[in-house]
Each structure stands twice: as C-alpha cells, then as structure tokens.
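Structure first, then comments.
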Amino acid sequence: MSQSKYRQLDVRAPRGTTLTARSWLTEAPLRMLMNNLDPDVAENPHELVVYGGIGRAARNWECYDAIVKALKNLESDETLLVQSGKPVGVFKTHENSPRVLIANSNLVPHWATWEHFNELDAKGLAMYGQMTAGSWIYIGSQGIVQGTYETFVEAGRQHYQGSLKGRWVLTAGLGGMGGAQPLAATLAGACSLNIECQQSRIDFRLRTRYVDEQATSLDDALARIKKYTAEGRAISIALCGNAADIVPELVKRGVRPDMVTDQTSAHDPLHGYLPKGWSWEEYQQKAESDPQGTILAAKRSMADHVQAMLAFNEMGVPTFDYGNNIRQMAQEMGVSNAFDFPGFVPAYIRPLFCRGIGPFRWVALSGDPQDIYKTDAKVKEIIKDDKHLHHWLDMARERISFQGLPARICWVGLEWRQKLGLAFNEMVRSGEVSAPIVIGRDHLDSGSVASPNRETEAMRDGSDAVSDWPLLNALLNTASGATWVSLHHGGGVGMGFSQHSGMVIVCDGTDEAAARIARVLRNDPATGVMRHADAGYDIAIECAAEQGLNLPMVAATQGNAK
C-alpha cells in the first residue's frame with residue numbers, strides 16, 4: 001500500500017442534518033476529523049498537518065480514506081480502534097461504549113525519543129498526534145485563546161495591580177497554538193509584539209483577525225508599541241523574523257517589555273524551530289538531508305532565545321514558558337539555569353486546575369453559527385453570577401472568527417460541565433439548536449495530562465512525572481461512555497516529556513445521551529480534582545468535599561489530620 005502524506009485536496013466537514021454515517025454518534029467523529037483538515041482550520045491540511053509542527057489527523061491519506069469508510073459503516077454497537085492515525089480494527093462492543101478509541105504516538109519510555117519516533121514515522125509506522133490533532137477536536141486558535149487570556153489576566157493581577165492597559169507582551173510563534181497569543185493579549189488589555197518566521201502564518205492570523213497589523217521592521221514595531229501603549233490601546237503587532245535573532249536584539253537595545261513568553265514549536269527541533277540565519281525552505285531541505293545537524297542548529301538557536309528570556313527575567317520582567325519545552329531544549333545545550341523562569345501552569349493556572357476548571361469546548365455539527373450563539377446564551381443563563389465568564393463570552397462573540405465548524409471555548413470546572421452538557425442535550429432534543437453538538441476539551445486539562453515541564457511542573461508532592469493519572473482518566477472516560485477517547489504521548493512538549501488523554505461526547509438529544517453526558521462530564525473533570533487533592537492542594541481537597549467526590553485516601557488523610 002502506498003503511504004502518501006500529500007494530497008491536493010481540500011477537506012471540509014458536511015453541514016446540516018443529513019447524515020453521511022449511520023448515526024450521529026459516528027457522524028460526529030467523521031465531521032470532526034474532516035473539520036481538523038479544513039483549510040480554514042489546519043496549518044498544512046494537504047499534508048494532514050493540523051497544528052504543532054507535525055501534529056496530524058491521520059497517518060497518511062490512505063489511512064484517512066480508511067477511517068472515513070470505517071466511520072460511515074460503523075454500527076451502533078461497534079468500536080473503531082485507531083493506532084497512531086491508522087484504523088486497525090472494528091470490534092463488537094455495546095451501544096454505551098465509545099465509538100472510537102484512539103492511541104497516538106505512544107512509545108515504551110526507553111525508546112520515547114524524537115530520534116526513534118522519526119525513524120518510525122519515516123517507515124510509516126507512527127504518527128505524531130499532538131493533543132487535539134490526532135484526537136479530532138481541534139477548533140483552530142480559539143481552542144487556546146481563553147487559556148492564554150486567563151494566563152495574561154492572572155499575570156496582570158499578580159504583577160500590575162490587575163490592569164494591563166498601557167503595557168505590552170513580547171512573544172513569538174503564530175502557528176495554530178501561538179496564533180492565539182495576540183488576540184488573547186488584546187482581550188486582556190495589552191499590546192503585543194508577536195514574532196513569526198513564516199509570512200504565511202502571519203497572513204493566516206491577519207485573515208482570521210487574531211492579529212491586528214504587521215510591522216515592516218523591528219524599529220517600526222517598537223514605534224507602534226510606543227505609540228499604542230502611550231494611548232492605552234490594546235493592539236497586536238506581528239513581525240516577520242526569527243525570535244532567536246530578535247529577542248536577543250531587544251535585550252541588547254535595552255528594550256523592556258512588560259511580559260515575556262514564547263510559543264514557537266520548540267518542542268520539535270527538526271520541524272518546528274527555525275535556526276538562525278536559515279530560510280524556511282533551507283530548514284525543510286536540511287531536515288531531510290541532515291536531520292541531526294538540523295536539530296543541533298535549532299537547539300543552539302533556542303539556547304540563544306532562552307538566554308535572552310533569562311536576561312529579561314533578571315531585569316524583573318515577568319517571564320514564563322508557555323508550554324513548548326524551550327527551557328528543556330536550552331538546558332540540553334548547556335544553559336544550566338534555563339528553568340530559572342517558571343512555566344505558566346505553576347505560575348498562573350494551577351488554582352483553576354485544582355477546581356477542575358479547564359478548556360471545555362463545544363462544536364455545532366450543523367455548521368450554523370446561530371447554534372453557538374444560542375449555547376452562549378444558555379451558558380450565561382446557567383452560570384448567572386460569573387461576570388468574568390460573561391465578559392469572556394461577549395468578547396469571544398465580538399472578536400473571535402470561527403474556523404471551520406462554529407465552536408466555542410469556555411473554561412469551566414467540575415461544578416458546571418455536567419449541567420452545561422445536559423442543557424445542550426436538551427436544546428438538541430427541543431430543536432432549539434438545529435443539529436447535535438459535540439463537547440470535548442484540550443488534553444491540557446486538570447486531570448488528563450502528565451507533563452513535568454508544563455501542566456504538572458512543580459507539583460506539591462513531587463509527582464510531576466507520574467503518568468498513571470492520564471491513563472486513569474482515559475479508562476474512566478471509556479467506562480463512562482464518552483463517544484471517543486484518545487490517549488497520546490508527546491503533545492505540547494515533544495517525545496518523552498508528556499502523556500495525556502482526551503474525550504469527546506455527543507449531545508444528540510436522546511435520553512441515552514443524557515445518561516452518558518451525566519457520567520462523562522462529571523467524571524472527567526473530577527479526575528482533575530482527584531489528582532490535585534491527592535497531591536495535597538487544599539483548594540482541590542475543599543472542592544472534592546463540596547462536590548461530594550469519594551476519594552478514600554484523601555478522606556483518610558484528612559481524618560488523620562483532624
């Protein structure tokens with residue numbers, strides 16, 4: 001069988017209520033797979049790349065065709081197994097089991113390196129699924145906008161008395177994830193300078209309104225920043241160039257941003273971080289002809305980039321890693337103090353994780369934006385008193401362009417996810433929305449990931465690298481009846497540095513769906529509260545008690561403490 005990773009084909013998910021599969025429970029993963037490869041969604045859809053370096057939706061186009069065929073023919077009591085983007089089996093299960101189970105990029109720990117993975121990938125034996133690329137629940141840059149917004153807002157609270165007006169953020173990377181940064185900074189009230197080495201990515205973010213304007217040079221960018229901050233305007237500026245050149249140059253000039261981070265694809269030095277002095281075309285060619293030399297050149301440039309970030313940190317500028325493992329890469333190149341600045345989770349996000357709060361998202365399978373606007377209103381109706389959340393939803397409607405099927409991201413926790421899911425299911429039942437809705441999340445969530453350089457960095461009990469938790473999360477979501485469940489390795493931070501799981505559940509308006517939703521959307525965020533309570537976080541222990549979670553050892557510990 002040929003193994004083509006390139007096809008000149010534009011894929012778009014069907015819209016409306018006409019099924020192309022045998023039920024909405026199989027139509028949903030089919031549409032979401034296709035949506036991941038929509039040209040308005042994916043970074044490089046003709047090569048099956050959704051985002052994050054080489055994060056793919058299917059191993060090759062032949063596998064894609066086979067997945068589509070399998071989903072169209074899947075019965076209501078069958079489950080499709082997908083192994084690193086390849087459909088490998090269809091088995092009889094039962095109607096409340098997942099319709100699809102996915103495992104992507106998983107390697108035995110000793111062999112969990114980019115070198116070994118790339119060998120397997122070249123042989124057609126593996127696929128890098130990132131987080132939501134290979135699990136078919138990517139919704140474009142919106143998927144990370146609110147998390148980035150919450151991070152910037154919390155940084156503003158901690159460092160600038162709660163306001164980022166008149167301040168600016170320095171960052172880099174305008175790919176599928178990094179592309180959220182300029183809009184998130186704007187929504188948080190800050191200007192931003194966003195460095196990106198590929199003009200095509202800047203064009204994509206300008207077209208989708210994630211970035212406001214592009215500067216012609218560094219001097220032009222700084223002049224714009226000076227003007228807009230003086231006026232108190234929150235404008236995002238893109239600059240085409242290499243962060244490994246520009247960030248050190250800013251240090252050399254004595255420029256002082258108000259916040260510094262980075263979201264280049266540093267997790268993948270072979271495909272995701274342009275070495276200094278190279279063109280993108282040269283980078284791609286050398287990745288094929290001299291992979292080891294290319295990796296070394298990229299990591300050397302990352303070291304220069306991180307040293308400049310460290311210099312800003314030493315100046316007292318709030319500086320943090322945004323989860324791309326750039327500190328690790330720099331440390332491997334001899335930057336011994338690379339971890340002197342923190343990751344964004346321990347610095348700003350962990351208290352949310354302790355309450356099971358994370359990136360809850362949903363998609364209107366109808367393709368009708370009105371269905372999303374109606375669900376926005378339903379969220380406000382149910383969560384009446386959360387002004388911060390209402391403000392987010394208002395800003396999202398005003399500023400966020402839908403990519404592919406209309407979708408919404410909304411950070412909510414254990415207390416609310418089940419209630420929202422049941423309400424959405426009732427909206428489908430009553431005809432208030434025109435077609436079923438799928439609910440999912442990023443793998444970056446409170447109980448679904450082990451990533452010592454990102455989500456589980458600096459855990460209170462030292463359990464940063466314990467990956468039992470995402471495995472338990474995937475098992476519990478399978479037992480609870482999620483429509484599809486995924487278990488991945490290497491997302492966000494690269495091979496050897498993370499394991500993580502995802503779930504998606506369909507609201508089709510039936511009683512059976514309501515029962516599954518009630519289980520999944522309680523149990524899934526509850527694993528995050530459990531994980532953090534087990535690690536000794538008081539916020540999580542209190543949340544577990546408030547929500548009536550049965551955590552035997554936490555209860556025993558609390559009893560002994562009393």
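Glycine residues also receive a Cβ, built from the backbone N, Cα and C atoms like all the rest.
The model shown is predicted, which means the values in this text are computed figures rather than measured ones.
Here is what Swiss-Prot records for this protein:
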type: ACT_SITE; residues: CYS410; note: active site
type: BINDING; residues: 52-53, GLN130, 176-178, GLU196, ARG201, 242-243, 263-267, 273-274, TYR322, GLY492; note: NAD(+) binding site
Can you tell me whether DSSP puts GLU196 (NAD(+) binding site) in helix, strand or coil? strand
Around TYR273 (NAD(+) binding site), how many other CB atoms lie within 10 A of its CB? 30
Between the Cα atoms of GLY176 (NAD(+) binding site) and the residue listed as 'active site', what distance do you get, rounded to the nearest Å? 18
At 10 angstroms around each C-beta, which of the binding-site residues GLY52, GLY176, GLY492 has the fewest other C-beta atoms nearby? GLY492
Nonlocal neighbours by CB distance (under 8 Å) for CYS410 (active site), same chain, sequence gap 6 or more: GLN146, PHE360, ARG361, VAL379, LEU389, TRP392, LEU393
Would you mind checking how many other C-beta atoms are within 10 angstroms of the C-beta on ALA243 (NAD(+) binding site)? 29
